[in-house]
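So that you can see what the record holds, here are the features copied from Swiss-Prot:
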- Ser191: active site (ACT_SITE)
- Asp348: active site (ACT_SITE)
- His378: active site (ACT_SITE)
- Asn270: N-linked glycosylation site (CARBOHYD)
- Asn287: N-linked glycosylation site (CARBOHYD)
- Asn389: N-linked glycosylation site (CARBOHYD)
- 1-4: topological domain 'Cytoplasmic' (TOPO_DOM)
- 26-408: topological domain 'Lumenal' (TOPO_DOM)
- 5-25: transmembrane segment (TRANSMEM)
Amino acid sequence: MRSSCVLLTALLALAAYYIYIPLPSSVSDPWKLMLLDATFRSAQQVSNLIHFLGLSHHLLALNFIIVSFGKKSAWSSAQVKVTDTDFDGVEVRVFEGPPKPEEPLKRSIVYIHGGGWALASAKIRYYDELCTTMAEELNAVIVSIEYRLVPKVYFPEQIHDVVHATKYFLQPEVLHKYSVDPGRVGISGDSAGGNLAAALGQQFNQDTNLKNKLKVQALIYPVLQALDFNTPSYQQNMNTPILPRYVMVKYWVDYFNGNYDFVQAMIVNNHTSLDVDEASALRARLNWTSLLPTSITKNYKPVMQTTGNSRIVQEIPQLLDARSAPLIADQEVLQHLPKTYILTCEHDVLRDDGIMYAKRLESAGVEVTLDHFEDGFHGCMIFTSWPTNFSVGIRTRNSYIKWLDQNL
């Protein structure tokens, strides 16, 4: 009996040691976030072991775990019709909300899920529930795109998928089929999906052949640049779940099918050091000392290496491509973008990406709403139902949908 108690105590101590991580007191539901983070870390470690054993790529294994535990079939309710189909060869899940008697045509959002361009699915519970709620509360048609993921495809194939699916949807006959008003269509996405949505928005507003333009874009804690991994939010939140800095840098390397040997050099900005000529013209476009308010910059100092590793951008030139990093786009491109909503979270390495993009858009004359949550963390908006229901998840979702309701 005594040995059993000792063993149980030891196991509980080990579990507590594994689960506990120091978190800021201001973050929403800290113990619940620790449990969520521990679960995700466990899945990552299992997938890394599978990769080490040569059984599968670690990202395929990790996504298999995520999708297996969360996949949801296309189930319609009395209020929302849900169907799986494809648009120009790209899988989509369509959510058709209830019509308003006084409005024969509905508004619509094309939604792009997050997951570091490598994980998740439009068909997992979190995104299915989000899009169902959007369709019902907005009386809208939501098109959730099931774009292809790393490592099956790499940049720019993810962009191609969302462009093809969205262009197909914007055809007059397709909009008519779903009873959608051509003048009330927007694009949206979270995290890596926000990256793809921003890239698509820039591309569409330069496409003179498109008859139907996007009315709004709504970007949820978007990832927007890979030149500076030492912005104040990257420094402040380098170890904060569920997106530590080293994980975000690895997602970038994976997106470009790059070399993991570059990760540590990129973390300290060796890839954009002063001797890397390719990056010199772009630095002003993400100069956070001028783009961020002093309340954020505080005592943080820019990390600018005099000499670094020019081989990184030579082997991965996509790092400097505005299609992958919309924050570095030309000012002339930004000035034609539609009304924009950007949601940022305090406890997120990507916080400053969103704030800097909002500033650049405002400078270009775009109407922008920056919605910041002091207790938010990366990914929080999809965590709204038990057992992963967070107070800030519900508040961010409600704020996001309210903005869409007022502006779309």
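Backbone N, Cα and C define each Cβ position, glycine as well.
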Ask   = Could you tell me the C-alpha distance between Asn287 (N-linked glycosylation site) and Asp348 (active site) in angstrom, no decimals?
value = 19
Ask   = Tell me, which recorded positions from Asn270, Asp348, Asn389 are within 10 Å of His378 (active site) if we use the C-alpha atoms?
value = Asp348
Inquiry  = Using DSSP and collapsing to three states, where does Ser191 (active site) fall: helix, strand or coil?
reply    = coil
Query = Tell me which residues of the chain lie with their Cβ under 8 angstroms from that of Ser191 (active site), as long as they are six or more apart in sequence?
reply = Gly114, Gly115, Gly116, Ile220, Tyr221, Pro222, Val223, Leu243, Leu350, His378, Gly379
Message = Going by DSSP, is Asn389 (N-linked glycosylation site) sitting in a helix, a strand, or coil?
response = coil
Integer Cα-Cα distance in angstrom, Asn389 (N-linked glycosylation site) to Asp348 (active site) = 18
Task = Calculate the distance in Å between the alpha carbons (Cα) of Asp348 (active site) and Asn270 (N-linked glycosylation site), and round it to a whole number.
result = 22
Note = Among the glycosylation sites Asn270, Asn287, Asn389, the one whose Cβ has the most other Cβ atoms within 10 Å is Asn270
